[in-house]
Amino acid sequence: MTRRPLRVGRLSWRVRPRAVTLCVTGLVLLVLLMALNMRIGEIDMSLADVLAGTFDVNSPAHFVIMELRLPRALTGALVGMALALSGAIIQSIARNPLASPEILGVTTGASVAVVAGVVASGSVNSGVSGLLATLGVPALSLVGGLLGAAIVYGLAWRRGLDGYRLVLVGIGVAAVFTNVKFWLLTVGDVNDTSRAMVWISGSLNARGWEHVVPTALALVVLVPVTLLGARSLDALRFGDDTVTALGVRVNLARALLILAAVLLAAVATAAAGPIAFVALAAPQIALRLARTAQPPLLCSALVGGVLTTGADLIARIAFSPIELPVGIVTAVLGAPYLIHLIWRSRK
Amino acid sequence: MSAATVAPRLHGIRQRRLTVLSALLGALAVAVVLSVTIGSKSVPLADAWHALTSPTGTENDIVIRSLRVPRTVLGVLSGVALGVAGALMQGHTRNPLADPGLLGVTQGAAFAMVSSIILLGVDSLLAYIWFGLAGALVASVAVFALGMVGGRGGPTPVTLALAGTAVSALLAALTSAVVLLDEQAMDVFRFWQAGSISGRSADVVWQVLPFILVGLVLAMINAPGLNALSLGEDVARGLGQNIPMTRTVGVAAVTLLSGAAVAACGSLAFVGLIVPHLVRPLSGTDHRWLLPYSGLVGAALLLFADVIGRVVAPPGELEVGVVLALIGAPFFVALVRRRKPVRL
């Protein structure tokens, strides 16, 4: 009873009731957390005010909700989903639960680019503010992330893309980027370093529609692509030879899926910085909750959204009025939960 | 294959291994000589020898005895420790992504250090290192305990790796929170993070030496058991291995080695990540050879990188961690591309 095929004409899908339940629960939880998140701000509102502000144009809260709070909540949810989906794809392809967009060079490349930008312009432009914050940092991050991924991809490609070689090349490139980042942090003024640290940790502070739109577009385009590729992804875990024999064009499928993962991670990082741990933990949490062999894609994305939004909520209220970067809390929240799941799975 | 043909082949393998071993020892010796003589003040080889054998208190003698020698010894110790720890870690987790920091030592050390700065106002290098060591040991014991209860009948590679990643992420997050709140902690942390063996006195060497020595002994004891384990747990059990014991000894060795190295020199754990991949084509998968080779290559690599860091950006120095990444990693990538990787 765990797998009922759903048939429409000649098409059929496998449906796992457990995964469906998980997805629905995740979605409800996500919306609830977003609503709770939108309550907080300079003036705290009730949930009713939030609802009215979202859907009633004449509500006094309408402007604040639509211009400030909704875009921030949406950025958090979408970025979390994009990162988690990216992680799920990479973990499936690398057949390695430790893999994350980091080994594709995306997040590390973005970090180097942004830290370099902040350190170079720090004392001149008073750090991450003004034009640099709204345009410069996301652009630097996007360029750095894609460049990093291109380097990893280019170096790992040799008559096809081997998952194992990709991981090893990724380690090497990530080591270079990470240490260059460490070095840049020692070069700059300690104030600039602190500012760069906030971005490196991943922050949702002051995110607006300009951050929501690119992330949403990326998800709208890439989620269907990824789901189409999910069958190949399922097959890829059996090893290249078996998969080729099963009639999957291994290299093409893998290349497209990796491209999707790179784009998702790059766009998400550009919007909110390299939020730690979501891409790694969300797929592993989803996999254990859904009891599947491989990270379930949609469930992973929703777990990622819930994790990020929940973490942002805590980041804002834990030490209020000081707001922690969300990336610090994702790990504080996600790590114990993952540990709990590992502990539970011993039975 | 008859016994008569096997014997010469085994002899040949042994011969080749000893040749490689002496070549690596030679490379390390060259690295040591360079490390003692080259720096912002270069010292001729004869003067260096003089400083070591019969010091008379000249400027060169002081430079050699109080700066270069401790730095070189610390580099050798840490390089050996990280190389061996990396090979052990990858063997136990059977994961090419596993670095010796996987058990949480790097983040444990970092968190203990920055906490000691803001909570206790600690401000001397020796004290940081004690806190770092303690943090590294506590974190990895926690990871091991989690992996232990998570796996069925002893820690399995996947639960160990995941538990390590989870604990590391947690500690890293707490560390970032601390350094964001306290600028002095940030200032210490960012230099520690870059990884360096400069400015450490002989006291630091004595501080970490016992941990590394015990770790190395445990590592070599662990090698045959790890060889059996890499055939799969069932086969290993069939061969009479006590699997939980083998794992515990291995993890203890990794903890001591990498904890000591990381506490003293900062986050250099990826030396341990890269070195075993460089060494495996030479040694094959036999850990009795892989471990010593990795140690020697780790030490030579660390020293060469340190020497390059001293001369590449005068009048300042580039941290060894940065040089290692800039030189070691491209070399590593080239190697991965050229050869078919030896799988774990």
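A Cβ is built for glycine as well, from the same backbone N, Cα and C atoms used for every other residue.
Note that the structure is a prediction, hence the values are computed from the model and not measured.
Residue ranges A:130-156, A:292-318 are listed, and TrEMBL annotates A:130-156 among them as transmembrane segment. With pairs at least 6 apart in sequence, the transmembrane segment (A:242-265) and the transmembrane segment (A:103-124) have 3 or more Cβ pairs within the 8 Å limit; the two touch. Counting residues 6+ beyond its ends, the transmembrane segment (A:324-343) has Cβ neighbours under 8 Å at 76, 198, 200-205, 272-278, 281-282, 284-285, 288-289, 307-308, 310-312, 314-316, 318 in the same chain.
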